[in-house]
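To start, the structure under review is shown below, and the notes come after it.
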Amino acid sequence: MKYTVDTHTHTVASTHAYSTIHDYLPIAKAKGIKLFATTDHGPDMADAPHFWHFVNLHVLPRVVDGVGILRGIEANIKNIDGEIDFPERYESRLDMIMAGFHEPVFPPCDQATHTQAMINAIKSGRVDMISHPGNPAFPIDIQAVVKAAAEYRVALELNNSSFSHSRPGSEGNCRAIVEAARDMGAYLTFGSDSHVAFSLGDFEHCHRLVTEAGFPAERILARSPRALLDFLESRGRAHIPEFADL
């Protein structure tokens, strides 16, 4: 299967990343990526952009040379209540919100706390997808989290970089998440988690896991722009007419 959507990328606005949005566009074109989300880290990360960066994403064109750009954020889950580090009053400025755990904001503790925090973020209604839920630094009750994600229609990310360099030891957890999502009716999204444009759309490990698990293609949001956009609209996000022809 050809995947044409990447929901997780970073730019130089997160200063441990090395590409601009402009850098991503020719790579997207060359790789057949029709839609990607710019999702820099939420403001509570030490080197993240100020929240004005996200508020001002409306200056970006919707489509450049046939490639769509979604305005997003990888917010931080801050506490056991599932709160995130982006002001709710500005949420309408974004097309999507991804949220996850990052050690500088939420120090790892115990499985019960991680699980409750993630489930509360899912239940909050503010989060469209959970980033790298298979991170072994933050063990969770996978069955409980996937059940909540299915019930509240929040996508779970398969993060391709988790299998290579970012979060060693993730594969077993990710496999269990895929299998639970398959059985419980949850949605998956694929993220390259690119911190440099060259890795945009790299999903080889994600594809391998869903293929081995027999995960249904119709619940993989990376398969087409329409699949992702319909999912976001079903969660109450705004219709984006400029993406009609992607």
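Every residue gets a Cβ built from N, Cα and C, even glycine.
Here Swiss-Prot flags HIS8, HIS10, GLU74, ASP193 as Zn(2+) 1 binding site, drawing on sequence analysis. Under a cutoff of 8 A between CB atoms, and with a sequence separation of 6+ in the same chain, the neighbours of HIS10 (Zn(2+) 1 binding site) are HIS16, ALA17, THR38, THR39, ASP40, HIS41, GLU74, ASP193, SER194, HIS195.
The Zn(2+) 2 binding site annotation in Swiss-Prot covers HIS16, HIS41, HIS195 and is backed by sequence analysis. Note on HIS16 (Zn(2+) 2 binding site): other Cβ atoms within 10 Å of its Cβ, all shown chains, come to 12. In this structure, HIS16 (Zn(2+) 2 binding site) belongs to neither helix nor strand by DSSP; it is coil.
Taken from Swiss-Prot, the feature Zn(2+) 3 binding site covers GLU74, HIS102, HIS132, and the record attributes it to sequence analysis. According to its DSSP assignment, GLU74 (Zn(2+) 1 binding site) is in a strand.
Summary of the Zn(2+) 2 site environment: with the site residues HIS16, HIS41, HIS195 set aside, the chain residues having Cβ atoms within 8 Å of the Cβ mean position are HIS10, SER14, THR15, ALA17, ASP40, ASP47.
Note: the Cα of HIS132 (Zn(2+) 3 binding site) and the Cα of HIS8 (Zn(2+) 1 binding site) are spaced 10 Å from each other.
Shown are the binding-site residues HIS8, HIS41, HIS132, HIS195; of these, the residue with the fewest other Cβ atoms within 10 Å is HIS195.
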